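J.: This is the structure I want to talk about, given as structure tokens.
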Amino acid sequence: MVNVTVDPLTRIEGHQRISTEVDANGVITDAQSSSLIFRGFERILQHQDPRDAAFLTQRICGVCPLSHGLTATNALDELYGVAEHVPKDALVMRNIFQGLNMVASHATHIYVLFGPDLANPAYKKVLTPLGDTGSAVWDEMLGRFAPISYKMDGAAIPAGSSYMAAIPEKKRLQEMIALIAGRMPGPSSLYPGGYTYPATVADITKLSTYYLQVMDFVSAHTLKVDFNTWIENTYKASSPTKAVNFVTEHLTDLINKSTSSNDFSKEAGWGDVEFYAAFGSELVGEKLLGLPASLKHDTIGGYQDPSKICFVAYGGYYKPTDGYDPRSPAGDRIFTSGVVSGNLEYLKFDPDKITESTAHSFYQNSVNDLPPVKGETVPFTDPEKIVYTGGSDSQYSWDKAPRYDGIAGEVGPLARMLNIKEPLVTGLALALAENGYSPANVYTRMLARMQETAILAYELLNWVTVDYEPGGKISVPLDFNAAKDSQGMGLWEAPRGALGHWISTNGSGKVANYQCIVPGSWLMSPRDSNGIPGPLEQSLIGSKINPVGEVDYTNPVGIFHMGRSYDPCISCAVHTIDLTGKCAPNTLRIL
């Protein structure tokens, strides 16, 4: 047995360590997911004015500040009793904020955080011996996804075309948010009861111009098939079978045109989505399309025991009407709330079934498995107790272990697409399950993220040009007495998954307790009080460290793929702790 540890896993967004035990066949037999720093925002918010939560919590993460700001605002809407009265145009503008932020985040993940692993030399060793076709596929992967300052065998590799093109698009999307939200990151226009800046006709016109420029990137790099044709035949398909058939027929046409010339370029019709859809999966690429090889990403990152996992979505994006239900019942939002079991059975979502365990975390809470509204954040203060190498029976992470009805929950694009029964992703999940694969794996997670990006690009156009009406009502007044001895819950969908904020106030209307359960905690969580591993840990156990080729303990590309397929954001999950006593408590400095 060989210990293989990846530390850090994350390219940005905090510090995450994965420690695994691997057998002689390269199969992972045990795993621990450790978040290496402590998040103290819940303690910072105590005794603050509740309205500050919408601004302070945005500092939890610079990638998805809007998600935290919107979730906090949702909690404040309920705290002040105005959720049912928030004007339609305010809700539509919140949709635009979040949609732009999610597209920007997904593009960053696909091209900058996950994509570079497709240029890993492990794939060169597997593909180039397959002759001209294999070499052409490898050259295409390297030419699209190689990161900046990349070397292989001592030679400098030019940065990939898709990688480089995505970076200015991220900037453009940030500028779009700043135009209507005040600034990005850390927008200043969120407020309970609505939002603060009435976007003008000129703003909407400029936003539309930006949108067309972003869609130019999509057509040049991401999807080479006509965008509306893709949406009509996948997102709007009448059944999962029809969506999958459309994609496989489209890929078959591309293969028939490309195999004789070995041209898998964008100019030959291979957008990044088409390329990964064909070559990323053993089932799709090799068994359905007859390709000589694939990356076999559908063979790693799955769940061995479906009874120990579920797929949780809180629901996101308001319907264009006045008011909303803060508890997010099924059907209340465009992306509905829900729970899908590991066997793909659909269940009703109940926020009262959410708890957090600290049995394997660095906390000295008085009670385990607390609901978030009663949650505690009492960290270890003895540095001798903070050890990451004690194994699965020890306490080994700063992350808590959220559970839904006692079960570990995967959150994020795959969970959202399954819960809304999106035809393409649902069809792929069903096909994989029918053929003996886990319906959740690296391949389906990444395709779900790509598909969600396309769906949001489609929905954004409608929100910007149809649903939002300049000059409409954007806020309602607050009764500050309503926030005394009160509670609020904000349930929302961040790019990486279900995000919840819970707030309680005292008789003076100040924050008495504040708790966040973030996607990174759901996904990267350690074991719970029953010893059940978190989603990432479960997906590692039973998977190979190298999905293709020989076992290579020094280049465990499978671990990279599995960990990064969840788009881990440890900045949200954890922050920092001072064990020296040099920093005065309750001192907050905003730079």
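Our numbering is plain: 1 for the first residue shown, then up by one each step along the chain.
Cβ coordinates are placed from backbone N, Cα and C, and glycine is handled just like the others.
Note that the coordinates shown come from a computational prediction; the quantities given were computed from them, not determined experimentally.
According to Swiss-Prot, the feature Mg(2+) binding site maps to E42, H575. The Ni(2+) binding site annotation in Swiss-Prot covers C61, C64, C569, C572 and is backed by similarity to another entry. The Fe cation binding site annotation in Swiss-Prot covers C64, C572, and the record cites similarity to another entry as its basis.
Tell me about the setting of these features in this model.
T.: Long-range Cβ proximity for E42 (Mg(2+) binding site), meaning a same-chain Cβ under 8 A and a gap of 6 or more residues, is found for G375, T377, N513, Y514, Q515, C516. Following the DSSP three-state reduction, the secondary structure of E42 (Mg(2+) binding site) is helix.
Cβ contacts within 10 Å of C64 (Ni(2+) binding site), excluding its own Cβ and spanning all protein chains shown: 28.
C64 (Ni(2+) binding site) falls outside any helix or strand according to DSSP and counts as coil.
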J.: Just checking, which of C61, C569 (binding-site residues) has the fewest C-beta atoms within 10 Å of its C-beta?
T.: C61
